[in-house]
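What follows is a single structure, written as structure tokens, with notes after it.
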Amino acid sequence: MAADNASSVTEFILAGLTDEPELQMPLFFLFLGFYVVTVVGNLGLITLIGLNSHLHIPMYFFLLNLSFIDFSYSTTLTPKMLMGFVSKRNIISYAGCMTQFFFFCFFVFSESYILSAMAYDRYVAICKPLLYTVTMSPQVCVLLMLGVYGMGVFGAVTHMGNIMFITFCADNLVNHYMCDIIPLLELSCNSSYVNLLVVFIVVTIGIGVPIVTIFISYGFILSSILHISSTEGRSKAFSTCSSHIIVVSLFFGSGAFMYLKPPSILPLDQGKVSSIFYTAVVPMFNPLIYSLRNKDVKIALKKTLGRKLFS
């Protein structure tokens, strides 16, 4: 209905990453490789955590949800992006574009907030170890996850509300490989300063609040680590946080670079390159970072593979 009332455009053409014909196939295979690693890595981690009872603790409950979010939002974007490399005209319907945009917003906001929930979990584990089982009870973990997905719904609904009230006129070429808010606003004939302001406010809530939570958590964590007398205790505390810090830096760094700068400073073509980081690279690296740097996951993997081989 919105397509008929608010717009004369019924479909969009996605410009894709590049219009250089000789780059299309190499990029297709590169991103296909990324996607295969993302799917195998995240579904593998979900399966591993599900099968091993010693991983049924809050830290891995959040990690399982992070893997689910990474798998889902990579699947929301990458297959369409891959089609763009091999098809002559990469067309997406108005409804398809809005659906992709909704789920993209939902999963990106959810990822922001689950990373802050994971920082809180590390804070309780290191700063209040004796109260850990009480503070991070199953009920608390479920409530935190409801909050994470609730913020995902908030981000998606707010951005969708912003898009639904703009009109698309003649031009339907989206200068991106996905339906994203900034390139869509550029196509509208009635978007205003208010629409951009809403984007900025919503993205600040989506990125700013989790970053502040993470910084506060790590401030307390650092203070606690510096009070640990043994070198072994310090290195153990640091190692439990290092994977999370790497993931946070990659995700928020590329997200802030894309959305929290005026379009005049960051041309859309450069924005496309930075958005590859959090849409394709981060979901691929997360399971690798957590599995390669985590002793419990390595032990679980050996046990599971051992069970499969002997059975």
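Using N, Cα and C of the backbone, Cβ positions are placed for all residues, glycine too.
Automatic, uncurated: that is what TrEMBL annotation is.
Taken from TrEMBL, the feature transmembrane segment applies to 27-48, 60-79, 91-109, 130-154, 193-226, 238-260, 275-292. What TrEMBL lists as domain 'G-protein coupled receptors family 1 profile' is 41-290.
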Cβ contacts the transmembrane segment (275-292)/the transmembrane segment (60-79), at least three under 8 Å, sequence gap 6 or more: yes
Taken over the domain 'G-protein coupled receptors family 1 profile' (41-290), the model's mean pLDDT: 86
